[in-house]
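First the structure, in the form of structure tokens, and then the observations on it.
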Amino acid sequence: NLSTVSEFVFVGLSDAPEIRLLLFVLFLLIYLATMAGNITLLLVISSDSHLHSPMYFLLSNLSLLDLLCPTITMPKMLGALLLEHKKISFSGCLFQHFSLIAVVGTEIFLLTVMAYDRYVAVCHPLRYPSIMSTKLCAQLAAGTWATGLLNSLLHTSLVFTLSFCGPNKIQQYYCDIPPVLALSCSSTHSRELVILVVAGVLGSSACVVTVVSYIYILLEILARNSPGIWHKAFSTCGSHLTVVCLFYGTTICTYVRPSFTYSPHWDRVVSMLYGMLTPLLNPIIYSLRNKEVKCALKRVISRV
């Protein structure tokens with residue numbers, strides 16, 4: 001009596017019509033603000049020659065990822081809230097899952113590259129132009145995208161080659177690893193172990209590189225002990241460090257843990273933090289805390 005699942009159904013954030021409309025308006029405003037903030041940051045970086053440097057090249061890649069991340073999940077969620085269209089085909093779920101994991105993985109690796117960039121800027125300022133050359137920046141950016149795509153391909157193949165022949169209600173507003181695994185009618189232990197190990201190794205490696213970079217930055221600051229060095233270093237690294245803490249904390253809580261600890265309600269809250277809040281806050285953090293970006297934005301506005 002078992003049949004193969006051909007479509008999945010998202011369990012909405014709320015079934016009450018008045019709450020759904022309120023949530024629709026709230027999330028639509030968040031999505032539009034996220035799009036506006038990241039598009040503005042991309043336009044400012046591309047149009048102002050003062051920002052054509054390795055740091056801002058990497059930042060433009062981050063803004064592009066922050067455009068893609070909510071675009072993968074939020075239109076479907078908004079449609080479910082407004083039109084109650086909660087179904088997604090098996091292939092659509094697979095594509096959404098692959099795209100989201102690719103973007104999230106790429107962003108983790110990109111933040112690691114940005115930490116290395118800040119290390120070179122603080123610890124080797126005179127050699128910074130030669131070390132962080134245009135060629136190396138392009139290679140590092142391409143490497144983060146390639147690694148994110150390969151990582152997503154592995155995770156997606158492990159999840160969607162399982163058998164789905166029973167319940168098809170996903171306890172989430174998009175196709176994520178834990179809720180999709182929970183619907184499989186075949187044994188998932190071995191694949192969960194592989195996913196956990198791969199995510200743990202890649203995530204911890206990226207985290208270690210980031211932490212080591214900031215340890216060297218801290219040691220360099222303590223060694224110099226010159227007036228104003230703390231303020232300069234914080235203005236250089238503060239924005240990136242804030243984004244790293246916010247993004248790493250939420251993604252690690254979601255993915256680097258066994259599935260028996262999966263909690264639908266808690267995971268919805270955490271996924272909203274890295275899927276909606278982080279892409280919204282990143283351009284704000286980098287623009288409000290960065291004097292060069294603010295000056296460039298003023299120049300672009302004055303030209304317009």
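A Cβ is built for glycine as well, from the same backbone N, Cα and C atoms used for every other residue.
Taken from TrEMBL, the feature domain 'G-protein coupled receptors family 1 profile' applies to 37-286.
Positions annotated as transmembrane segment by TrEMBL: 20-44 (among others).
Taken from TrEMBL, the feature transmembrane segment applies to 56-74 (among others).
Through the fold, the transmembrane segment (94-116) approaches residues 55, 58-59, 61-62, 65-66, 68-69, 72-73, 76, 88, 140-141, 143-145, 147-149, 151-153, 155-156, 159-160, 174-177, 180, 202-203, 206, 209-210, 213-214, 240, 243-244, 247-248, 251, 274-275 of its own chain, all at least 6 residues removed from its boundaries and within a Cβ separation under 8 Å. The feature transmembrane segment is assigned by TrEMBL to 94-116 (among others).
Annotation source TrEMBL lists transmembrane segment at 136-154 (among others).
Annotated transmembrane segment per TrEMBL: 193-217 (among others), in sequence order.
Annotation comment: TrEMBL describes 229-249 (among others) as transmembrane segment.
Residues annotated as transmembrane segment in TrEMBL: 269-288 (among others).
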Same-chain residues at least 6 beyond the ends of the transmembrane segment (20-44) whose Cβ lies under 8 Å from its Cβ atoms:
12-14, 51, 59-60, 63-64, 66-67, 70-71, 74, 77-78, 81-82, 84, 276, 279-280, 282-284, 286-287, 293, 296-297, 300
Mean of pLDDT values spanning the domain 'G-protein coupled receptors family 1 profile' (37-286):
83
